[in-house]
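Worksheet: one structure, shown below.
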Amino acid sequence: MSLRIHVLACCFGLGSWVAVNGLWVELPLIVNTLPEGWELPSYLTVIIQFANLGPLLVTLMHKLCPGRLKERAAIYCVLSIGVLACILLAFSWDETTVVAAASRSTAFFILTFFLALVDCTSSVTFLPFMMQLPAHYITTYFIGEGLSGFIPGLVALGQGVGMAKCVNATQSSGNLTEEDMYIVQTQFLPPNFSTEVFFFFLAAMMCISLAAFSALNRLPRTFELSTENLVPDTDTVASVCSGLDNHGAVTEGENSNPKCHSEESGQDRPQLAKSGHSVFQLTFIYFMVVWVNGATNGLLTSVQTYSCMPYGNLAYHLSAALASCANPVACIVAMFFPKRSLVLLGVLCLIGSVFGGYNMAMATMSPCPLLQGSALGEAIIVLSWVFFTGILSYVKVMVGVIFRDESHSALVWCGAAAQTGSLLGSAIMFPLVNVYNLFQSGDFCNTKCPL
C-alpha cells in the first residue's frame, strides 16, 4: 500500500506544471509557424501572469466563504480542463484569426491561458489535498512536481528540432514569366515527431495525474491531519522549491486549515522577535526575490528567442529544453547542499545575473549577436541560459528556506514579492518587444551580418 501511494502521489504531482513547462520547451518549433514569430514568448509571459487570477479566486473563496469550495471537485475540474486544453491544442494550435488587420494566434493564446490557469490554480488546490496524507508522501508529491519540468525537457530533447536550410524559390511578378525572379527562402525540416504529438503527450501526462488523483481520492480515510508538523524539517527545501514561485500555494496552505493558522499565528510573533536577520538583511533578501523572479519569469524569458534564434534553431531548442531541466536539478542540489549564507547567495545572484546580462545583450544585438555562425557562439549561449536558470533557481529555493525559518507569514510575503517581480518583468518587457520594437528578428537565410 505504501509504495502504491508513493507512486500515485508522484504521478499526481506531474500534473501541476507539466502543461506550461511543456509549452516553453516546444516554443522553438512553434515560433517558426505562428504569425507572432519571435515575439511569442513575450505574449506568453503576460498570459501566464493573467492566469494567476485562478489562485486569487480560490484564496478569496476560502476567505469570504470558508467551507463552500469543494476541494476535490475543484481538482477534478482543474485537471479535466488541462486534459481538454491539451487535446484542443493538438488540433488547433496553429489556427489563426485576423484581429486589427493582423493575423493572430487567437486559439493558441486562449488555450494557453486555460493551461496556465490550470497550473497556477494547482498550487492552491493540489497541496492542501496532499496534506490530508502523512507528511512523508508530500515529499514524493514534490518529486513529481519537479518531474513536471524535467520530463517535458527530456521529451523535447528526444523530439529534436527541425534544422533550417536555404532553398531557391520563384517569385512571380504577374503574367510576365520573363520577369520572374529567384529568391532565397528558409525551409525548416521536420523534427523526429510533430508538435501535435507533443501536445498529445502533454494530454497523456495530465490524464495520468487525473487518474492518480482519482485513485488517491478513493483511498480509505485512515490518516489524520497533523497540525503540528505537516511538512517535516527534512522536506523544507522540497516544499519551498514547490511553492516559492507561486505564492498562492503558501497563502492557501495558510487558509485551508483555520485551526492550524490560529495556532501558528501565535507563534509568528515570537519567531519574528527572535529573527537573526536585521531590517537591512531582510530588505536585501526581499530585493533578491523580486529581482530573481523578475529576471527568470519576465525579463529574460520574453526575449529568449532574440538571444538564441540568431544562432539557429538548435541553439534555441537546447537552451529551452536544458533550462527546463536545470530548474528541478537546482532544487535537488539545494536539498543536498543547502547554503544559507547571504554573502554566498548574493554572489550567486550576481553570477546568475551576469549570465542573464549576457543573454540580454545578445538579444539586443539580434539578429547579429557575437560569434554568430560559430559552434563556440552556440555553445556559449546554451550554457549561459542553463547556468542563468540553474543558479537563480538555487537562489530562489534557499531564500525561501530562509523565510520559512523566519515565520510562516514571512514566507507568504516572500511569495508575494516573487509574484510582484514576475509581474513587473512581464509588464516591462511586453511594450519594449511589441510596441517599441527594441529587439529585431532575423531570417536564417536572408539576414546579412557584418563580419
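Cβ from N, Cα, C; glycine included.
Noted in TrEMBL for the protein shown:
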REGION    249-271  region 'Disordered'
TRANSMEM  7-31  transmembrane segment
TRANSMEM  43-61  transmembrane segment
TRANSMEM  73-93  transmembrane segment
TRANSMEM  105-129  transmembrane segment
TRANSMEM  141-161  transmembrane segment
TRANSMEM  197-216  transmembrane segment
TRANSMEM  279-296  transmembrane segment
TRANSMEM  316-337  transmembrane segment
TRANSMEM  342-360  transmembrane segment
TRANSMEM  380-403  transmembrane segment
TRANSMEM  410-433  transmembrane segment
Tertiary contacts of the transmembrane segment (105-129) (same chain, 6+ residues out, Cβ under 8 Å): 12-13, 15-20, 23, 30, 34-36, 40, 43-44, 47-48, 50-55, 58-59, 71-72, 74-75, 78-79, 81-82, 85-86, 88-89, 92-97, 99, 138, 141, 213, 216, 242-243, 246, 248-249, 251-253, 256
Same-chain residues near the transmembrane segment (197-216), Cβ under 8 Å, at least 6 residues beyond its ends: 5, 7-16, 18-19, 22, 26, 75-76, 79-80, 82-83, 86-87, 89-90, 93, 129, 133, 148, 151-152, 155-156, 159
Range from 7-31, 43-61, 342-360, 410-433 with most C-beta pairs under 8 A to the transmembrane segment (141-161): 7-31
Interface-richest range of 7-31, 43-61, 342-360, 410-433 toward the transmembrane segment (380-403), CB pairs under 8 Å: 342-360
Segment-segment contact (the transmembrane segment (316-337); the transmembrane segment (410-433)) at 3 or more Cβ pairs under 8 Å: no
